[in-house]
Structures are given as structure tokens and as C-alpha cells.
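J.: First the structure, which I've put down as C-alpha cells, then a few questions once you've had a look.
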Amino acid sequence: QINKMFGTVVVGVGIAGLARIRDLMNPMPSSPSEHLKLLGFVSRRSFGNINEAKQISLEDALKSKEIHAAFISTENRSHEETIRMFLEAGKHVLVEYPMALSAKAARELWEMAEQKDKVLHVEHIELLTEEYKQLKKEVAGKDLVKGTLHFTGSVLDENKTGFPAFSGIARLTWLVDLFGDLTVTSATREKQKDKNYSRMTVHFQTANNKPLTWIEERGPGMRREKKINFCFTSGCLENFPQAPRSAVGLFMQDQNLFAKKLLGQVSKEELAAEKWRILRCLDLAEVIQQHCEQTEKICS
């Protein structure tokens, strides 16, 4: 494995895709990423070349014997289909979250990856931020009494990004990673079509029956921001702990993790815990969507 090189292709060149191309072309010295070699990118738009990376067709990417792995950075709605194509073609896959817009599809894809003995890696850069790492240290070992995570951001095109429980799964992932398994007790969504405004409110219980609330709010001109209020038996945390800036970019950290998996350097326990968390969060996202859609029907 020491000298093994994995040919890679980037599919989709939005903001994430361009970051992927940049990081694949400039791997961190003596990091696992040095085992990844960018052989091209796929896009519906025609670019020709981006830096030294050349554009190739989807068919060629799927057929190529030189390409061992695909980085999928397309819109959320097309993740499922794109993952399936590359797994069927016998390639390893790195995909931006959410890996699919239904829990069933995600489980099928995961099983397929396991049957084909391929790495299916879902990017979760929100767990790699210094802000989050500090928060996790701060929360560790404390007894939760109740908590709220409130996210605001600009308007998304739900036809592309999916229901807010899926497009906002980064927040859900934080809550599950911080406080363990959760159960949805209720979920509602308020929409003001004329104002392009949406607010989803989800109530959970932890395994110890403590209440957690997640609010995902989006509207024109809303600042991208997370607010927390976690109360513990020892006191409340209302601001993020101060965190230094990381020397290594988030996509690069994620790319290193993917390369480590390809090289067989991640333990079975870690892989199993990650699989559980990813699939569990998608299950919860689906339950949330069902709750919200039921109450919307009643209200209309």
C-alpha cells in the first residue's frame, strides 16, 4: 500500500468541487493525500481545463481503469444517482453531505459499497472545524439538562438541496455527535412563500429523556450563523468557546481522512461508529420530514 496511487475524478465544480480540485492538486506534504492523483473532472458545463485539471466525460470517468475514486460535489438531489453509478463501476466514493435525500437510499448505497468492498466516505467538515472541536471538549463529561441549536442562513433551492432536515444535516450531526442518540418528539415547519421564508423546529429527547431543540431558519438576507444554548447541571453554555484557526483547511482534512480509509489506516471501530452516525442522522432527517409534512397537511 505504501506506494499505491489512487487515480481520482471530481464530479461537479461548484464551490466544493473547485476546493476539491485545488486540494487534490496541492496535497499536504507527507500526508495520506499524496496517494491521490487527480486525473480529471466531470461537469455538465464545459470548462476545458481548470488549472492543470482536464475535463472528461462522465462515461470516460466511469470506464477508466486509471480512475479508482470519485469525489462527488454535485447538488444534493443528484448525489444518490451519482454514487450508485460510481460504485457500480467499482470505484471508491467520497461524497459531500447529505449522501442521499432518503434514509432507504443511503442504506442501499452503503450495502452496495460493502458488497463491492469499496470505501464510501461522506464528508462532514462541520465536525472538523476548530470551533466544533472546542465545543465538543467543553461539553464532554457534562450532564445536559436542555439545549437549543439555532441556525440561520440564506434561502436554498429545495428542489436541488432537498428538505431542510437533509440540507441542514450538519446541525443534526453536531447534536448526535455531542449528545448521543436522539428521538424526535415533534417537528413542524412554518413557510411564508411570499417572503421566501422557512423555519423548521424540531424537538428531540436524548437517551436520558432530556429535551433538545433544533431550529433551522432561512430567509432572504439572513446571516449564516449558529447560536447555541446548552444548559448542564453545572451551568449554561451560550457562546462558542474561543478557537484558533486551523492550519489545515477543512476539505484537506477530509481528503486526508478519505485517503487514510483507502490505505486501510482507519480502525474497524471508527468506521463502524461513523457509519452508525451517518445512517442514524439520515433516519432522523427522514422522520423529521415526515412529521413536518403531516402537520403541513393538517394546517392547509
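Heads up, the Cβ atoms here are built off N, Cα and C, so glycines get one too.
Pulled from TrEMBL, these are the listed features:
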- VAL13, GLY14, ILE15, ALA16, SER43, ARG44, ARG45, TYR97: NADP(+) binding site (BINDING)
- CYS281, CYS292: Zn(2+) binding site (BINDING)
- 7-124: domain 'Gfo/Idh/MocA-like oxidoreductase N-terminal' (DOMAIN)
- 132-244: domain 'Biliverdin reductase catalytic' (DOMAIN)
J.: What count of other C-beta atoms do you get within 10 angstroms of the C-beta of TYR97 (NADP(+) binding site), across all chains shown?
T.: 20
J.: At the level of the C-alpha atoms, what whole-angstrom distance separates SER43 (NADP(+) binding site) and CYS292 (Zn(2+) binding site)?
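T.: So the alpha carbons of SER43 (NADP(+) binding site) and CYS292 (Zn(2+) binding site) sit roughly 34 Å from each other.
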J.: Taking VAL13, GLY14, ILE15, ALA16, SER43, ARG44, ARG45, TYR97 as the record's NADP(+)-binding set, what's the max Cα pairwise distance in Å, rounded to a whole number?
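T.: Greatest Cα-Cα span of the listed binding residues: 22 Å.
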J.: Just to confirm my parser: what is the rounded mean pLDDT across the domain 'Biliverdin reductase catalytic' (132-244)?
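T.: Across the residues of the domain 'Biliverdin reductase catalytic' (132-244) the model's pLDDT averages 96 on the 0 to 100 scale.
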J.: By a 10 A CB contact count over all chains shown, which of the binding-site residues listed here is most packed: ARG44, ARG45?
T.: ARG44
J.: In angstrom units, rounded to an integer, how far apart are the Cα atoms of ALA16 (NADP(+) binding site) and CYS292 (Zn(2+) binding site)?
T.: 29
J.: If you count CB neighbours within 10 Å, which one among the binding-site residues VAL13, ILE15, ALA16, CYS281, CYS292 has the smallest count?
T.: ILE15
J.: If you count CB neighbours within 10 Å, which one among the binding-site residues GLY14, SER43 has the smallest count?
T.: GLY14
J.: Rounded to the nearest angstrom, how far is the Cα of CYS292 (Zn(2+) binding site) from the Cα of TYR97 (NADP(+) binding site)?
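T.: Rounded to a whole number, the Cα-Cα distance is 21 Å.
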